[in-house]
Amino acid sequence: MATTNHVEHELLSKLIDELKVKANADPEADVLAGRLLHRLKAESVTHTVAEYLEVFSDKFYDEEFFQMHRDELETRVSAFAQSPAYERIVSSGYLSALRYYDTYLYVGRSGKQESVQHFYMRLAGFCASTTCLYAGLRAALQRARPEIESDMEVFDYYFEHLTSQTVCCSTPFMRFAGVENSTLASCILTTPDLSSEWDVTQALYRHLGRYLFQRAGVGVGVTGAGQDGKHISLLMRMINSHVEYHNYGCKRPVSVAAYMEPWHSQIFKFLETKLPENHERCPGIFTGLFVPELFFKLFRDTPWSDWYLFDPKDAGDLERLYGEEFEREYYRLVTAGKFCGRVSIKSLMFSIVNCAVKAGSPFILLKEACNAHFWRDLQGEAMNAANLCAEVLQPSRKSVATCNLANICLPRCLVNAPLAVRAQRADTQGDELLLALPRLSVTLPGEGAIGDGFSLARLRDATQCATFVVACSILQGSPTYDSRDMASMGLGVQGLADVFADLGWQYTDPPSRSLNKEIFEHMYFTALCTSSLIGLHTRKIFPGFKQSKYAGGWFHWHDWAGTDLSIPREIWSRLSERIVRDGLFNSQFIALMPTSGCAQVTGCSDAFYPFYANASTKVTNKEEALRPNRSFWRHVRLDDREALNLVGGRVSCLPEALRQRYLRFQTAFDYNQEDLIQMSRDRAPFVDQSQSHSLFLREEDAARASTLANLLVRSYELGLKTIMYYCRIEKAADLGVMECKASAALSVPREEQNERSPAEQMLPRPMEPAQVTGPVDIMSKGPGEGPGGWCVPGGLEVCYKYRQLFSEDDLLETDGFTERACESCQ
């Protein structure tokens, strides 16, 4: 018997290896590889609830619920294993199956893993037992869903939403929900005191290490660093070492994003920590900038004006102010001569751009937008740090801030998407405000659509369930540190590009833009409604509510000029009256995170982004797996497959007739980035935290610094909070192609193949680190005293040799300024 099992194991492994490498060209091979991986793992997972409890009972925080309802749970799990929902899960492809077994399924005694069925049972059981434990939470759920009465009906409510994947949870929740003494918070933010060597030691070894040990992504404010005279690069390397230690051999790698304001005297050294040519770079962490509005105004209006730099110990209250108060303090310090250096603001901007193009970061956030749109006044205690993915915004000086995340799988909200009966709201039961809203979006499907429309009712049901899931996570996920009472929630989405494509639209078509706003307005409205119900019945109102803007009838969209509402203002007014009367359980609601992990499980596109590619690869903990665009292949005609495979699924490379047929599957790099920025602005009034808004540039566009700089300015002008999460560059030469397209290569004349060398397709060659000591050092000296005796810029005449400090060709542009060497450089 053992020999038979061994032979079967070897055969399955060989078949999987042969099929998984065809995933980007053959969707059936991808599905079959995933199903075979589930079959391969069948002997190493739990099969019955009794076996599951025997293996994992010592790990549960509430074993009683599972023991009490063992037979009923067995019935539910067995029925799920025979259902269309389970069939869809195991048919989601190889990468989906790999993510389950590699990351999410809990491992017990002797290496035994929970099965996919028991994984969802654990998540739903945690939510159900927590809901039953807190009488107020259960009362709120019964007010929202009056048909729910028994404990098992509470379980069914969560189980069917989770297994139908309308609600997708964060990685910490999927890995640890129901496990005793686990941290379920997704994000941690801290702005520690870094003014002395002792403070830095405490922050790193007493606090940061603990957060990383609990597998949380961390955002750290480091603007206060450097007051002890030490270089910021030393601090960054210490943080990087922490991250690398905790990630060694770890299933779920974690990281840190360090945030600084650009007036800091060591801003250039901070940027250099991520440059690839820096031999002391910090690859394990990310950098971010909280940029004041003044910086963008000066760059746009007077780009060669000076930007002054300050030692943080002489910077007064700059770190704690924003807006006009910041500007007054900045110019007061300049007038008082408190600055320690100055630099052309354009040179600093292009240093930021240079770093973004080469390293993908720094993340860039607009300080005024982040603080001015917060639910309370932050003047004098302004936040200047975000989380790891730049979408969670909370003050984190006085105490550590946390946030619990979940997201809605938007393709499951299409009218024709199969759902369990309990996941659909009855027309006559539930929250009267939600029942007053339309069930369907008024936008009509386009030509070639396979969807019959978008169900706003399903979206609201999913959002309501996600709000209850996060409430369970907050109430029972131990510990959530000092910020548990703030009950910060971040609901995001995945699969927005899939929805647009299935409805027959390109990502930036007018119907897409209309539905884009409608989706997030309904999510924000539903989250507020549900949070108010939970607050009323649990009698847990977040601290500071009475002093918050919400207590005065405010909504986040009030601060955004020209906001068009699809929900009638009269219904918004009724919600406002309810909130003023009953309060809110949560202090924050919508945060659009990247969702890259859970989107691999569902097989949908990431977050709210356009398709990244129709054929790509994804590096997991154990291997580099192919990731096909499943929506794309659902729409591809059989007679077009060969042509599409020859170009790796790139629509822009197809002949015109074929290109027109598949235009809605253009990638993010094919779209005008200003259109994508505008769509982020359209949904911004309903995103009370922020959105991980990335920019997608082709290599030839990224070679001109003005391209990215202009996009950053445009995002500032539109008032986005996160101006840029990540800068992604599409290489002109695709080095990621894993299958040789011999026939395609033969069809191209040899002289055309050799027309451009790989070197000609690269970005400008980076300078050697030794050549650049940083503009701060230059500006501290007089003319002709920079590195190598070169000059410093002044007035409108800019020495081209100075520009060569940053680039050897067009990375910095003259924009019409005189290009000649000055006397000290000739």
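Cβ coordinates come from backbone N, Cα and C, glycine included.
Secondary structure from DSSP puts N387 (active site, proton acceptor) in coil. The active site, proton acceptor annotation in Swiss-Prot covers N387 (among others).
Every protein chain considered, the tally of other Cβ atoms within 10 Å of the Cβ of C389 (active site, cysteine radical intermediate) stands at 30. Residues or ranges marked as active site, cysteine radical intermediate by Swiss-Prot: C389.
Listed in sequence order, G490, G492, A591, L592, M593, Q689, S690, Q691, S692, T722, Y725 are the same-chain residues at least 6 apart in sequence whose CB falls under 8 Å from the CB of E391 (active site, proton acceptor). Positions annotated as active site, proton acceptor by Swiss-Prot, on the basis of sequence analysis: E391 (among others).
Residues annotated as disulfide bond in Swiss-Prot, with sequence analysis given as evidence: C187-C403. According to its DSSP assignment, C187 (disulfide bond) is in a strand.
All protein chains considered, the CB of C187 (disulfide bond) has 26 other CB atoms within 10 Å. Here Swiss-Prot flags C187 (among others) as site 'Important for hydrogen atom transfer'.
Annotated site 'Important for hydrogen atom transfer' per Swiss-Prot: C403 (among others), in sequence order, evidence recorded as sequence analysis. Residues near C403 (disulfide bond) in space but far in sequence (CB under 8 A, at least 6 apart, same chain), listed by position: A185, S186, C187, L189, N387, V392, Q394, S488, M489, G490, Q588, A591, Q689.
Look at Y725 (site 'Important for electron transfer'): DSSP puts it in coil. Taken from Swiss-Prot, the feature site 'Important for electron transfer' covers Y725 (among others).
Marked as site 'Important for electron transfer' by Swiss-Prot: Y726 (among others).
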> For the recorded sites listed here, Y725, Y726, which shows the highest count of neighbouring CB atoms within 10 A?
Replying inline: Y725
> For C403 (disulfide bond), what is the secondary structure state per DSSP, taken as helix, strand or coil?
Replying inline: strand
